[in-house]
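Enquirer: Okay, handing you the structure first.
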Amino acid sequence: MPSSPELLRRPHESASQSTDDASAELTPSPRSSSSASTDGLPIIDGAEGYELRPLARLDDATTRPGNNNGLGVPYEEDTSLLPSPRRFSTSSVQSYELYTPDEDRAVLRKLDRRLVSFMAVLYCLSFLDRSNIGNARIAGLADDLNLSSKEYSWLLWAFYITYILFEWMTLMYRIVPAHIYISVCILSWGIVASLQSIATSFGFLLFLRALLGIGEAAFGPGVPFYLSFFFRRHELAFRTGLFISASPLSASFAGALAWLITKIGEHGPLSPWRLLFLVEGFPSVLIAVWAWDFIPDGPESAKWLNPRQRKVAVLRLRQEKENEKEDHVRERYDSESKSRKGLDFREILQTLKDPKCYLTAFMFFSCNVAFSSMPVFLPTIIRDMGYTAISAQAMSAPPYFFAFVIVITTAYYSDRLQTRSIFIMLHSLLATAGYSTIAISGHYKSPNTTIRYLALYPATAGFFSAITIIITWTINNQESDSKKGTGIAMLNIIGQMGPLVGTSIFPKEDGPWYVRGMGICACFMLLVGVLAAVLRIVLKAQNNKMWKEKERQVQYAGIPLEEGGNVKGEHTPFEFML
């Protein structure tokens with residue numbers, strides 16, 4: 001790390017300029033224990049920390065030596081064009097290296113291994129507890145409780161109705177400390193999921209499914225928003241992909257586990273479906289105790305990072321804060337200003353009036369029609385292809401494992417190429433092709449079950465991958481935490497209405513071909529691609545408009561540009577990710 005402030009000299013300044021120039025000078029800060037300057041801005045602490053102090057400006061009538069153009073005309077300095085000390089102090093973090101690339105990579109790896117993997121485990125348990133009712137259905141639940149096709153649909157609707165009604169709880173990540181909030185969520189759904197094993201009637205099980213929806217609504221939809229507290233914008237898709245990929249992985253694991261539990265339960269004191277609910281529900285109760293101590297509220301409070309790594313975890317995010325307003329910078333990164341943590345209701349209203357918010361929400365709605373129906377109906381669909389119930393449990397695992405691999409791959413390349421819409425459109429077409437193949441085969445009553453089964457692979461991988469990128473795209477294109485939280489809440493409030501459609505399109509009467517359900521899923525997945533293309537066009541037009549407006553301002557003011565087209569000392573305009 002350089003120790004001389006001379007390295008921060010602007011390119012147009014010469015080394016021969018005297019110290020009485022009207023410019024900002026870096027001087028050692030006498031306040032080693034303070035994190036904010038007198039004007040409220042954060043400064044760089046430590047032994048080599050500097051803060052910016054403007055020197056007294058020269059009078060308008062003062063002549064600067066060597067700058068009278070040979071005409072003897074006094075030099076008049078236009079102070080409006082001088083760089084602002086406030087502005088320069090913000091960018092000094094980027095100019096003055098505070099940590100090494102090795103430290104950056106080490107912190108990122110530890111965040112991935114500890115935080116993201118733990119969130120993935122939690123989501124795996126969450127998805128397992130919501131979708132295992134599909135395995136329980138063919139393991140004896142429908143027979144023991146005398147459930148009709150309509151009553152089974154109501155068990156699915158009860159979960160999603162409360163899930164939708166309590167989506168607003170995503171915003172609680174900005175109010176309640178994360179380690180408390182997440183732990184309570186895990187404990188609540190773990191207890192409810194376990195209690196399903198003692199259900200003796202349709203009414204009691206319906207009540208438990210409604211409670212399960214509340215517990216999971218408070219957790220899952222807000223996790224990508226929570227991860228944005230730790231990762232940069234261009235890193236988020238891969239981490240969200242790792243998190244979301246837990247759903248197909250858990251579904252794959254659930255199929256194999258359901259097969260094992262069903263085999264064991266056939267000769268045990270408990271019915272297989274009761275044992276299934278208990279074995280898959282109770283681990284969440286145990287994990288909740290661990291989560292209380294393990295989950296950090298922010299990068300500065302992660303106990304599994306050493307003090308230096310915690311500091312780097314905060315500093316590595318500050319490269320993006322120039323794209324945010326200064327109050328958002330302080331709100332998000334100043335760990336000493338706890339009173340500022342909360343919601344900006346003005347920004348919430350702005351997000352609610354933004355049409356882009358609703359485009360992503362309806363994409364999510366369309367994707368959720370397939371996402372919600374496949375996990376709870378896949379064992380039944382495979383069984384109705386002519387396989388036994390136990391074989392259907394096992395055969396439901398491979399499509400989900402394939403989806404897990406594709407989700408990770410898609411998320412990685414989406415971050416690497418810094419594009420979202422292209423991957424959404426690609427997987428939209430793949431899923432449409434898969435569902436269409438099953439629907440057409442069913443329409444002509446093709447006896448070839450192999451084609452129908454193989455078509456499940458692109459269909460499953462398509463909607464899981466598309467959902468991952470849609471969630472990330474929504475977070476990427478919101479400028480502040482309040483906007484991100486509102487965007488995610490709206491995404492889920494509208495998007496989670498899709499399962500109300502998806503869970504009712506595979507009635508028992510449509511078996512074994514399920515042409516109508518497959519056709520509906522194909523249409524909605526095609527709509528996802530169309531909406532992604534429309535949103536890409538809208539965002540690209542807004543980006544072009546923003547840069548043209550910036551260029552006009554620069555030409556009018558006559559201010560020199562830095563490389564990349566930015567005004568010297570100005571914050572980089574927020575650019576929407578395509």
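Each residue's number is its place along the chain shown, starting with 1.
Each Cβ is built from the backbone N, Cα and C atoms, and glycine gets one as well.
Per TrEMBL, region 'Disordered' is recorded for 1-44, 56-87. Under the heading compositional bias 'Low complexity', TrEMBL lists 24-38. The transmembrane segment feature in TrEMBL is assigned to 115-134, 154-173, 180-199, 205-229, 241-261, 273-295, 357-377, 397-414, 421-442, 454-475, 487-507, 513-539. For 115-544, the entry in TrEMBL reads domain 'Major facilitator superfamily (MFS) profile'.
Describe the structural surroundings of these features, if you would.
Expert: When Cβ-Cβ distances below 8 Å are used as the criterion, the transmembrane segment (115-134) is approached by residues 141, 155-156, 159, 182, 186, 189-190, 193, 209, 212, 216, 219-220, 223, 226-227, 230, 239, 242-247, 249-251, 253-254, 258, 276-277, 280-281, 283-284, 287, 291, 294-296, 302, 375-380 of the same chain, each at least six residues removed from its ends.
Long-range contacts of the transmembrane segment (241-261) within the same chain: residues 112, 116-117, 119-121, 123-125, 127-128, 131-132, 135-136, 139, 223-224, 227, 272, 275-276, 279-280, 375, 378-379, 390, 393-401, 403-404, 407-408, 410-412, 414, 460-461, 464, 467-468, 471-472, each at least 6 residues beyond the stretch ends and with a Cβ under 8 Å from a Cβ of the stretch.
For the transmembrane segment (357-377), same-chain residues at least 6 beyond its ends with a Cβ under 8 Å from one of its own Cβ atoms are 127, 131, 133-134, 156, 160, 247, 251, 351, 424, 431, 435, 459-460, 462-464, 466-467, 470-471, 473-474, 486-487, 490-499, 501-503, 505-506, 514, 517, 520-521, 524-525, 527-528, 531-532, 534-535, 538.
Under 8 Å from some Cβ of the transmembrane segment (454-475) lie the Cβ atoms of residues 224-225, 228, 236-237, 240-241, 244-245, 247-248, 357, 360, 363-364, 367-368, 370-371, 374, 378, 398-400, 402-404, 406-407, 410-411, 414, 420-421, 423-424, 427-435, 437-438, 441, 484, 487-488, 491, 521, 525, 528, 577, all in the same chain and six or more residues away from its ends.
Proximity of distant same-chain residues to the transmembrane segment (487-507), defined by a Cβ-Cβ separation under 8 Å and at least 6 residues beyond the stretch ends, is recorded for 149, 153, 156-157, 160-161, 163-164, 167-168, 170-171, 217, 221-222, 224-225, 351-352, 357-358, 360-373, 376-377, 380-381, 470-471, 474-475, 477-478, 514, 516-517, 520-521, 524.
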Enquirer: List, by number or range, the same-chain residues at least 6 past the transmembrane segment (180-199) whose CB is under 8 A from its CB atoms?
Expert: 122, 125-126, 129, 145, 172-173, 205, 208-209, 211-212, 214-216, 218-219, 226, 270, 274-278, 280-289, 291-292, 295
Enquirer: What is the pLDDT of the domain 'Major facilitator superfamily (MFS) profile' (115-544) when averaged and given as a whole number?
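Expert: That region's mean pLDDT is 86.
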Enquirer: With Cβ-Cβ distances below 8 Å as the criterion, list the same-chain residues six or more beyond the ends of the transmembrane segment (421-442) that contact it, or say none.
Expert: 363, 370, 410, 413-414, 448, 451-452, 455-463, 465-466, 469-470, 473, 513-515, 518-519, 521-522, 525-526, 528-529, 532-533, 535-536, 578
